[in-house]
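Q: Handing you a structure now.
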2 protein chains.
Amino acid sequence: MREKLTVIKVGGKIVEEDATLNRLLDDFAAIGGHKVLVHGGGRSATKLATQLGVESKMVNGRRITDAETLKVVTMVYGGLVNKNIVAGLQARGVNALGLTGADMNVIRSVKRPVQEVDYGFVGDVEKVDASLLSDLIHKGVVPVMAPLTHDGKGHMLNTNADTIAGETAKALSEFFDVTLVFCFEKKGVLRDENDDDSVIPQITPDEFRCYVEDGVIQGGMIPKLENSFAAIHAGVTEVVITLATAINGNGGTRIKK
Amino acid sequence: MREKLTVIKVGGKIVEEDATLNRLLDDFAAIGGHKVLVHGGGRSATKLATQLGVESKMVNGRRITDAETLKVVTMVYGGLVNKNIVAGLQARGVNALGLTGADMNVIRSVKRPVQEVDYGFVGDVEKVDASLLSDLIHKGVVPVMAPLTHDGKGHMLNTNADTIAGETAKALSEFFDVTLVFCFEKKGVLRDENDDDSVIPQITPDEFRCYVEDGVIQGGMIPKLENSFAAIHAGVTEVVITLATAINGNGGTRIKK
């Protein structure tokens with residue numbers, strides 16, 4: 001039987017404030033078995049960019065990453081936020097290892113081609129190599145992954161944290177029985193967006209299509225669920241969408257084959 | 001027979017300018033066998049601190065690291081400089097892995113006790129665990145170490161890069177036949193500081209004592225050499241002090257038992 005692994009993706013807001021970060025690290029440390037943490041850090045990046053007089057331009061919720069912005073996100077995601085989490089986990093007895101996609105060539109990307117929008121130094125994942133990562137995890141190491149990759153030509157690339165989590169989970173499903181958890185500001189996918197308790201406990205691909213047709217699921221939740229189903233089809237056992245304060249619980253919305 | 005490993009420490013200046021960095025990475029990539037790179041980054045840290053209005057206070061050449069300065073060095077050393085080197089080495093086919101002492105708990109420090117000077121969040125190395133590092137190196141991974149450690153209580157600590165290099169070399173000498181190379185702005189330890197070609201090719205502990213008594217070796221070179229002898233006594237095979245542009249050569253000053 002394959003060993004279980006939990007990949008947890010948390011957004012920037014949670015890891016950027018001491019109180020929520022400490023709560024998250026306590027909860028994460030309490031998760032049994034093998035695990036991986038993937039984090040964002042957008043608010044801190046925007047804050048540092050502002051302090052440095054670098055303009056933060058967003059298109060469709062994505063950051064336009066010029067050369068100066070790339071320096072900012074490399075410092076914030078790869079340095080400040082990542083190492084703060086690593087040190088916090090080490091203090092909790094978790095043998096964390098902070099990584100970007102460049103480290104051990106874990107995730108190589110290609111700079112997003114310019115179409116309608118020039119996103120700049122933004123990476124679209126091309127290749128994930130999880131073999132060394134898998135060895136380390138088997139030895140008790142807990143990877144903490146920043147939303148950065150590299151192009152194999154010497155450049156770091158800013159990369160969406162949901163994508164990092166999904167691609168890492170898929171690659172690690174070659175070695176482990178993987179559950180991928182997307183932390184979210186709601187308790188899960190809601191049947192009624194005005195009712196926080198109307199969580200849909202489980203969604204199959206057929207149900208997803210119906211919910212979208214009926215307009216129950218809409219907006220940014222559609223790509224999130226599409227990514228979840230893609231992960232399931234690529235070998236991930238289960239995807240959970242839940243509150244960051246509930247990563248240890250049984251709640252949220254579960255997506256299975 | 002034990003395998004050879006080269007630990008190379010380069011200062012900030014070399015890794016902070018594109019031309020010298022590229023030359024260094026070419027030379028480092030060309031070194032055969034197992035290797036580790038330890039880097040500084042002080043100039044970039046000072047630059048970012050200035051941009052952010054954080055005052056850089058130095059005492060005896062050491063940076064006073066208050067909470068804001070710690071954020072700056074974590075961003076610059078752990079993020080910007082480290083990941084730039086890692087991506088540059090990956091582009092040269094070197095499977096680099098950027099690390100701070102917090103990652104995999106490789107180097108745990110204790111916050112320097114306040115005596116005459118309060119250095120703030122500065123770490124004095126307490127414990128180095130090179131076992132996972134050794135496994136990775138045997139698998140072809142090349143660690144790139146930033147001058148940061150952690151205290152095991154959730155804090156990162158600013159730590160001298162020469163110390164990181166020396167302690168890492170000592171710990172790895174349990175597993176490898178280690179040569180430790182300190183890159184320097186001169187060709188080696190000079191017999192006459194006004195003659196760049198007056199390199200002392202080899203120094204034993206007895207010769208070192210004589211050179212110090214005669215005033216040939218003085219100032220900052222004394223602690224550097226004391227550290228070198230300490231490394232040799234702790235199991236490192238050879239310490240070399242040489243130019244950053246000569247890490248592949250046979251020049252410099254060699255320190256042996």
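Each residue, glycine too, has its Cβ placed from N, Cα and C.
Where the annotation comes from TrEMBL, it is an automatic prediction and has not been curated.
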Q: Same substrate site as B:G41, B:G42, B:N158 according to TrEMBL: which of B:R63, B:R191?
A: B:R63
Q: Rounded to the nearest Å, what's the C-alpha distance separating B:N158 (substrate binding site) and B:K9 (site 'Transition state stabilizer')? Just drop the number here, would you?
A: 16
Q: I need the least crowded one of these recorded positions (B:K9, B:R63, B:K224), counting other C-beta atoms within 10 angstroms of each C-beta.
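A: Counting other Cβ atoms within 10 Å of each of the recorded positions B:K9, B:R63, B:K224 gives the minimum at B:K224.
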Q: Using a 10 angstroms cut-off on Cβ to Cβ distances, just flag whichever of B:G41, B:G42, B:N158 is the loneliest among these binding-site residues.
A: B:G42
Q: Greatest CA-CA distance (Å) over the residues B:G41, B:G42, B:R63, B:N158 that the record ties to substrate?
A: 12
Q: Measuring Cα to Cα, how many Å separate B:R63 (substrate binding site) from B:K9 (site 'Transition state stabilizer')?
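A: Rounded to the nearest whole number, the Cα-Cα distance is 19 Å.
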